[in-house]
Structures are given as structure tokens and as C-alpha cells.
Amino acid sequence: MSATSTVQLMDGTSLAKRIEDAAARAAEISPRTGTSPCLATVLVGEDPASATYVRMKQARCAKTGSRSRHIGLPATTTTAELIDTLAGLSSDPGVHGILLQHPCGPHIDERAAFEAIAPEKDVDGVTMHSFVAMSFVLPGFVSCTPGGIMRLLEAYDVDLAGKHAVVVGRSAILGNPAGMLLLVMNATVTYSPSRTAGLSAIVREADVVVAAVGRRRLIRGEGVKPGAVVVDAGHDPGNVGDVDFDTASTRTRLITPVPGGVGPMTIAILPAQTVDAAANLLGIQRH
Ligand code: NAP
């Protein structure tokens, strides 16, 4: 990648719209099957932010022609009860995708709950099966945010082979699978968790930076290699990202804005994968 001062934005909003339009076209499987894709959403407790996220995801699915079935469980739900619910949805032929909204509460063993989701319905990409499938390039569903990041990089023709990608953060839903997907594309991947020594020197070496931390403007422009591609997955208080956009964008070749970069992509992947899951389960041939 050559150094340049011309900033180009990776526009997640318009790419997400294209993905949703494609999902909507693909969702037109109902005339052929007498049914439409169905996403089951499961929410434990009444956290208003989580409830809002679930409603937003249901609305996006509706926009792309999928139905939702919502299961609201009381905050007192035990792990065993949640597992029962998820296992029931996993074996229900009328459900094609399952979303367990997290966090579920400190008393719930979330990992055990996620594993009760059948892999073929894991449209949020949260099971161990999905993680292994991502890593080994096997059929399966990706975690939505890392999947959205990869779709953005692909859409902007970012050739990852042989490039040094630094992923700052390693959470199970974001940094960890994002690095795995970059590795699959033959990038040389460095993970930087919170105890990283000399983070700025590591980031400065990166051809591609994925910021997945949750710290406002942690990565400053002067810490970015000129000509780098920067994906800011952070969504931090004040509607800003983990990267200081104003200073970084004077040096990057490509950068995602916050908002309007990774966020809309994350939202688009769930309905797209719900439609894919329905097509797979209903035995619809895809083109
Ligand atoms: P998380 O579970 O809190 O994980 C944060 C990660 O950042 C951890 O791996 C942590 O390392 C690492 N970290 C913390 N401080 C660090 C530092 N100073 N240097 C390097 N690494 C550091 O957060 P998350 O769920 O992954 O979310 C991260 C950000 O992405 C948040 O802003 C969140 O809002 C945003 N997000 C956006 C979307 C979207 O659609 N745009 C989706 C999901 C999340 P340790 O593992 O060592 O603790």
C-alpha cells in the first residue's frame, strides 16, 4: 500500500443497504415454499437498551422479508431454563435463525446458552461451531460485526494477502473472530489485548488496523502508518469510535466513519444470514 494523504471513506451505510436489498430479493422464497424466513429473538430480562437492540434487529429482518418470533424471558430465568428455550427453538422447523441478545445477566452461563443454538440456525455467529467454521473456512455463519468488516474490506478491494493486520481488542464477538477472518484472507495478524506493551508502536506498523476496544479515540492519527486502511469498530460514548477520525483520516488510504461504517454493516449481516439459514433449511437452491 502506498502512502497517500487522500482519504477515502468506507461507506458502511450504502453497502449495508445493498446487502439488505440482496437479502430482500433472496427472501422471496415464500411463494416457492409457502413460508418466509423466521428469526427467533430471545431476551432475558427487561434492560431497555437490549430491548431496543432486539426491536431494531426485528425491524431490519422485517425490511428484508423475514418474520420474527420474540421470546421475552423474566430476569429470573435460570441457565437451564434458557437452554431449554433455545433447544426448543433449535428443533422447531418453523424457526430458521436464532438470536440470543446478550448480555443475559450475571447469573447466566452465556457460553452454555449459546451452545444450545443449533449451528444451522446460529445467524448471529456466536457458537463454538461457528467460530471453528470461520477459522477452518467451512460452511457456517460469521459473527455479524467481523463479517461486516470483511464485507467492507472486500467491497473496497483491500487485498489482505501478506499485509500486516493489527486487531486491537480480542473479544469473543468482535476482535477475536475479526483476526481469524483476516488470517483466513492471508493477512499476517497481530492481536493487541489490553495488556499489550507498546500498543502505538505495533499499530504504527500495521497496513490494516481493526480497532475493537471500546475506548474513545484510543488510536491517534500520528499512530497510524501513512496509507493504512483503518476499520473503526468502536462505538463509544458521544457517538465516536476508538480511532481519532480527524487526525487519522489525514493519513489513511481508507477509513470507516463512526457512525456510518461498521455499525450499519453489523446490522445488515443478521437479516442476510437469516435468509441464508432459511434457504438452507428449506432446501432452496441459491444463485
Ligand atoms: P469488550 O468485550 O469490552 O472487549 C474489549 C477488548 O478491548 C478486550 O479484548 C480488551 O482486552 C481490549 N482492550 C481494552 N483496553 C485496551 C487497550 N488499552 N489496548 C488494547 N486492547 C484493549 O468490547 P467489544 O464488545 O469487543 O466492543 C468493543 C467496541 O466495539 C465497543 O466500542 C463496542 O461498542 C463496539 N462494538 C461495535 C459494534 C458495531 O456494530 N459497530 C458491534 C460490537 C461492538 P482484554 O481482552 O485484554 O481485556
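Every residue gets a Cβ built from N, Cα and C, even glycine.
TrEMBL annotations:
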| type | residues | note |
| --- | --- | --- |
| DOMAIN | 10-124 | domain 'Tetrahydrofolate dehydrogenase/cyclohydrolase catalytic' |
| DOMAIN | 143-279 | domain 'Tetrahydrofolate dehydrogenase/cyclohydrolase NAD(P)-binding' |
| BINDING | G169, R170, S171 | NADP(+) binding site |
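Taking the mean position of the Cβ atoms of G169, R170, S171 as the NADP(+) site, the remaining residues of that chain whose Cβ falls within 8 Å of it are V167, V168, A172, L174, G175, N176, Y191, P193, A212, V213. For the domain 'Tetrahydrofolate dehydrogenase/cyclohydrolase NAD(P)-binding' (143-279), the model gives a mean pLDDT of 97. DSSP states for the domain 'Tetrahydrofolate dehydrogenase/cyclohydrolase catalytic' (10-124), grouped as helix (H, G, I), strand (E, B) and coil, give 55 helix, 18 strand, 42 coil.
Neighbour density for G169 (NADP(+) binding site): within 10 A of its CB lie 24 other CB atoms from the protein chains shown.
In sequence order, A212 constitute the residues six or more apart from S171 (NADP(+) binding site) in its chain with CB-CB distances below 8 Å. Applying DSSP to the domain 'Tetrahydrofolate dehydrogenase/cyclohydrolase NAD(P)-binding' (143-279) sorts its residues as follows: 53 helix, 24 strand, 60 coil.
A C-beta separation below 8 Å, combined with a sequence spacing of at least six in one chain, links R170 (NADP(+) binding site) to N176, G179, Y191, S192, P193, A212.
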